[in-house]
Amino acid sequence: MKSVRYLIGLFAFIACYYLLPISTRLLWQPDETRYAEISREMLASGDWIVPHLLGLRYFEKPIAGYWINSIGQWLFGANNFDVRAGVIFAPLLTAALVTWFTLRLWRDKRLALLATVIYLSLFIVYAIGTYAVLDPFIAFWLVAGMCSFWLAMQAQTWKGKSAGFLLLGITCGMGVMTKGFLALAVPVLSVLPWVATQKRWKDLFIYGWLAVISCVLTVLPWGLAIVQREPDFWHYFFWVEHIQRFALDDAQHRAPFWYYVPVIIAGSLPWLGLLPGALYTGWKNRKHSATVYLLSWTIMPLLFFSVAKGKLPTYILSCFAPLAMLLAHYALLAAKNNPLALRINGWINIAFGVTGIIATFVVSPWGPMNTPVWQTFESYKVFCAWSIFSLWAFFGWYTLTNVEKTWSFAALCPLGLALLVGFSIPDRVMEGKHPQFFVEMTQESLQPSRYILTDSVGVAAGLAWSLQRDDIIMYRQTGELKYGLNYPDAKGRFVSGDEFANWLNQHRQEGIITLVLSVDRDEDINSLAIPPADAIDRQERLVLIQYRPK
């Protein structure tokens, strides 16, 4: 009966965190609107080989992540939950692997369940795992690859070892097809310390070629198909998206070496108090083969991405699967022997919740700020934000009431965040970051437009997805569409600021022309260098400017 209660509790936990609240959150630009529109266009065009965004070639990522997102939209339809359905599926599958791997290592069902709950409740896992980007997919393939490698190395027969390495190659191949060649580098770096300390080079050299073969065979069909359709895809994807993005001086998202330290700290909430002890205990038990494997799996990718010039929090998502296992193992040890770390964890969660409550008041309409984040008419959003942090502090306090038994309720600290964050976003943020909000406000004006132009790729993708049309024209800025706009068949999909007046004169008689611009809050739209408009509708950071036929 206890096992049944645990399972019911786990399913309720998943429903409250990963299923029920997702549709209440509008899509964020530029990431979620971009991936939603790419998958919508894939379904609409039937082209499952070449990724397109706004009808233009889009070579920033390979195809597999778009396949999964497209299947989600195909199965469930076009709404906010369905855009995120594939992404949500990825951390849940990863959590299943965490359960399986923990059972393999320690043969303890309670520990396996705890590791799963810790993984799914980690702040970084939840934040990225419910956000429609490709990183949860690549994290799943990386975790699956590490599980496959362990399975292969623990097998006692040549058949078992061969099957494990073949499976490793398939997961690496799917990782390459999801986000590129980092899916090859990260697993290799992660296992090398373990292979060296355990002196398992022989198995690696004997069976490793099977992983290479299965990886190549996994990528080959689509790899050849994309070369036949778009011969320059691999050149662009390798040199621009890999070398330039991570290694060169002009790499995207440049950040210092220590960038991931605060990411690890924030990402480990609501289990931050256990982090030092988990890592220290793991290091102290480094003679244990499984512990070395988990430590190497956690630390090596972290060091690799710290050395790289380009950094984003999403890059280290796969590190948190082994970290969750280490945290769970240490938590049970602490509960038995020394609950001090569990008490510290409770106080950290209380402090985080109280700090959030105070910060919410400071930026609320009743706080000291001259320009509050929320306006007076958004009082209910302020109370939602207060509720988020109040619940966080409450469950932090509850874990201290009988710490040896209640410490695991820290998993419920983010419950308010999961249920209420969609209702607490300030209008001033929604108006700039949620194109759906803008579309809802201006639907009657946008719908009959013959041409729609905008100066933001994220807004363009949001307009395209909401209006179910891919002919949005870029105005003045090309952004990440620069490469796709260079193709001869993309002529007419970009209008510069200097050309706009002439372009308007040439196309005005064809129908309503709508210009959607991103502006600063204090910017005077009358000073914009554009022809006089027939209608202007300003929604804070986004402005709709319309020209009717004359």
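Sequential numbering from 1, following the chain as shown.
Quick reminder: no glycine exception, Cβ is built from N, Cα and C everywhere.
Taken from Swiss-Prot, the feature transmembrane segment applies to 7-27 (among others).
Residues or ranges marked as transmembrane segment in Swiss-Prot (evidence: sequence analysis): 86-106 (among others).
The annotation transmembrane segment is assigned in Swiss-Prot to 111-133 (among others) on the grounds of sequence analysis. Within the chain, the transmembrane segment (111-133) has long-range Cβ neighbours (under 8 A, six or more residues past its boundaries) at 6, 10, 13-14, 17-18, 22, 25, 27-28, 31-32, 35-36, 69, 83-84, 87-88, 90-92, 94-96, 98-100, 102-103, 263, 266-271, 313-314, 317, 320-321, 324-325, 327-329, 331-332, 408, 410-414, 417-418.
Sequence annotations record features per position, and here Swiss-Prot assigns transmembrane segment to 137-154 (among others).
Panel annotation: around the transmembrane segment (165-185), residues 61-65, 134-135, 137-138, 141-142, 144-145, 148-149, 151-152, 207-208, 210-219, 222, 237-238, 241-242, 304 of the same chain, lying at least six beyond its termini, place a Cβ under 8 Å from a Cβ of the stretch. Per Swiss-Prot, transmembrane segment is recorded for 165-185 (among others).
Here the transmembrane segment (204-224) has long-range neighbours at 49, 62-63, 152, 161-162, 164-170, 172-174, 176-177, 184, 195, 234, meaning same-chain residues at least 6 beyond its ends whose C-beta is under 8 angstroms from one of its own. What Swiss-Prot lists as transmembrane segment is 204-224 (among others), and the listing cites sequence analysis.
The transmembrane segment annotation in Swiss-Prot covers 255-275 (among others) and is backed by sequence analysis.
Taken from Swiss-Prot, the feature transmembrane segment applies to 288-308 (among others), supported by sequence analysis.
Marked as transmembrane segment by Swiss-Prot: 315-335 (among others). Distant neighbours of the transmembrane segment (315-335): 94, 97-98, 101-102, 105-106, 110-111, 114-116, 118-119, 122, 124-125, 128, 135-136, 138-139, 142-143, 146, 186, 260, 263-264, 267-268, 271, 274-275, 277-279, 281-282, 291, 293-295, 297-299, 301-302, 305, 341-342, 404, 407-408; these residues of the same chain sit at least 6 beyond its ends, with a Cβ under 8 Å from one of its Cβ atoms.
For the transmembrane segment (346-366), the residues of the chain that approach it from at least six positions outside its boundaries are 269-270, 272-273, 372-376, 378-379, 382, 385-386, 388-397, 399-400, 403, 407, 410, 413, judged by C-beta separation under 8 angstroms. Look at Swiss-Prot and you will find 346-366 (among others) tagged as transmembrane segment, backed by sequence analysis.
Sequence annotations record features per position, and here Swiss-Prot assigns transmembrane segment to 382-402 (among others).
Here Swiss-Prot flags 406-426 (among others) as transmembrane segment.
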Residue numbers, six or more beyond the limits of the transmembrane segment (86-106), whose CB comes under 8 Å of its CB atoms:
14, 18-19, 22, 65, 68-69, 71-72, 112-113, 115-116, 119-120, 125, 129-133, 136-137, 139-140, 143-144, 147, 150-151, 154, 290, 294, 321, 324-325, 328-329
Long-range neighbours of the transmembrane segment (382-402), counting only residues six or more past its ends (CB under 8 A)
270, 342-343, 345-357, 360-361, 364-365, 374, 408-410, 412-417, 420-421, 423-424
